[in-house]
Amino acid sequence: MAPPPPLPPTPARPPAPTIRGFSALPRQPAPLQTPESTTRTLAFDSAALSSAAPSSAASRAKKRRRRVAEAAAFVTARRPLDTDTAQDQEDEETQEEDAMWTLKTAEDAVRRPSHLQEDTLKTPSLLPRKTPTKDLKQQTVDRLRVLVRACARQHHAASALFYADKLLSMSPTDAHDALLFADACYLNKEFHRAIHALKTARLVDVEREEGRAQVKLVTLKAVLLLSKCMLAIKQKDECLEVLGSVLPEREQDVVLLANKVQLELEGEEAEGINVVSSLALLMGETLEAIGNLENATVYFRIALRCDVHCSEAFFRLFDKQMLSAQEEKELLASLDFSADETQLLELLYQTRVGKYDTTPSVEEKFTEVEQKFGLADNLDLNVTRAETYYYQRDIQQAHKFCERVRERDPFNFRVIAVYVGTLVELGKKRELYHYAHQMVDVYPTKASAWYTVGCYYLLIQKYEAAQRYFHKATSLESTYAPAWIGFGNSFAAQDESDQAMSSYRTASSLFPGSHLPPLYIGMEYLRTNNLVQAHEYIRQASVICPTDPLVYNELGSVYYKEKDYPRAIEMFTKALQLCKGLPERLMEAWEPTLFNLGYSYRKLRKFDQAIHYFQSALRLSPRNASILAALGFTYHMKGNLEQAIENYHAALAYNPEDTLAGSMITVAFEESLSGGPDSFPELAEPAPKDAPMTSGLTPMSAALTARRSLGPNDNTQLSRRLDQSYSSIERSRQSLACSSLDFSDSSMNMDED
């Protein structure tokens, strides 16, 4: 019996793959047995059986093979992915058959079962995916960008430049990639190459941006990098021109531009320093480099207003003392700290303002930031605290904190100046000698290292050697103001006023916000008895820093020499009022002010007030022969010869060479034997031999003037006096070692009619 004719293919049904191992006749696969098709399949099979002859073994085998094929098709559609080569070929044949069966007309097309469509969509192709060349290039570009930034962060400058070069070749039209390449050149110190790359990419062509409401951010970044490169190769004028092309002229407009740029930033860029603030900072640095400090100060202030986190601008203004004390406080009050939610930055800035203010105390000023944020052991804060103690004449505490910093960070650069100051004022020659050697070994090209050597020679009174090393320090860094102050002090110690004042004037131009250079100039004029110039410069110092008691002490000296004793008393009293917040142990430094008040009251014949202030000074310095002699002379003028002779004796016991006590004790003895003088107010002290015309109030006058005759203890006192002003990077406080002054050489000991 012939086999029945093959059934017509079911439209739009996928064929089942051939089962390996069967060599059956050509046959058509049956549909997959889904819940929807099961009933129809059974009915179809029943009809076929009823219409056919009695089943034979061949027909049953055919039906069995057909069911096996259907099951195989179902399993194949559900099986896991297989990457075997033979299976891949079979899948390709299946796809070709699917394409043949699905090419039906719109009338004959039958939708495939829904579950089979879902399986087909979820099953990925088994063939290897071919990545387009364009996608591969983009992936490489992205990878190179990440690599360049990573190398730059890890200080691999050469590697960063290597990859940036390839990146620029693969994406020559991308402005950010061109900027990345120029930045890599800058890190490699290839400044001319960076400038050429920026100009070639036309990233700094600001004229193209003039039609826009705002210059693009990438252009501002490119201008910043270009200006840095120009400044590095000393093209200062070109740098100013480029920066001026993007920064508005008015300060308020620059701040508005910074606010607009900040609104556009996202992610990590929003957390960094505002690019407009960086541009203003660079403008200030360039102006400072050409000597225009006034405009440089303006741009440093603008940089802080644009972004309060730009600490470099803050350090430029405050550490280099470009602002007066009042201007510093006003600037800090005007800054917007709203972005600093923790208030840490504001507290840190406050510790550097008002270092001469005795209220609040130093402990109160640092307590909040140290306890609130756990910064008690922070080295930078410890240096700031040491400087504050130093300015307020607490040398022991300043030295303590400097030693604490050096124990943990022996090469801390910022502590050098204040530490040298404490060593000089405490007369620690051996420690200063070893420290100077260490600094020269570590920082042979730094001005502060040779400044330390100069201070050592100044301390041991080898002034020519000191001048030599101060000159070396200024040669290495012409803007290092402390070396110029030390230079001036070494000349003043040799009575070379012209050279001293020249050095002080240079320091004044470098530190326009520091009151010490004009104060020292005024003291030199006072020493040479040029009262008009002395008054002018000391008054200028009082305007810059109205909270330093030393300024009013010297101003009172000027009024005293002008014989304006009421004004002199007013100035001396104001100096003492500014010291009210100091601890009792620190008042010894201001004993000369009490001494000078006693002299001024004695000039007005107010002997009781004069005795009161002399006794107050004596309590602070009980072994001071000058005070004892002055007190005895006041008792002598008042007519109390017994007290006068007693104080003369005490003065000669401490200093047998005291000229005032030695000459007046003989007069007192003669008067006591004869019944006393007829008119004590006409007594006048004889001028001591070799008495320099100085105010006798500060080391810049008496302490820097080496006495021709030294007592047994005067050598030690003099070495302590001579070192005072060579101390701090900002404050050369030699002029505050008043407790060691000897006023027996001062013209203020003379009660002129």
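Glycine is treated like the rest: Cβ placed from N, Cα and C.
All annotation found in TrEMBL is predicted automatically rather than curated by experts.
The compositional bias 'Pro residues' annotation in TrEMBL covers 1-17.
The region 'Disordered' feature in TrEMBL is assigned to 1-97 (among others).
According to TrEMBL, the feature compositional bias 'Low complexity' maps to 41-59 (among others).
The compositional bias 'Low complexity' annotation in TrEMBL covers 70-84 (among others).
The compositional bias 'Acidic residues' annotation in TrEMBL covers 85-97.
The compositional bias 'Basic and acidic residues' annotation in TrEMBL covers 111-121.
The region 'Disordered' feature in TrEMBL is assigned to 111-137 (among others).
The repeat 'TPR' annotation in TrEMBL covers 447-480 (among others).
Break the repeat 'TPR' (481-514) down by DSSP state and the numbers are 27 helix, 0 strand, 7 coil. The repeat 'TPR' annotation in TrEMBL covers 481-514 (among others).
Note on the repeat 'TPR' (549-582): DSSP counts are 26 helix, 0 strand, 8 coil. Annotated repeat 'TPR' per TrEMBL: 549-582 (among others), in sequence order.
Annotation comment: TrEMBL describes 591-624 (among others) as repeat 'TPR'.
Taken from TrEMBL, the feature repeat 'TPR' covers 625-658 (among others).
TrEMBL lists 677-735 (among others) with the feature region 'Disordered'.
Residues or ranges marked as compositional bias 'Polar residues' by TrEMBL: 712-735.
Secondary structure counts, DSSP: the repeat 'TPR' (447-480) has 27 helix, 0 strand, 7 coil.
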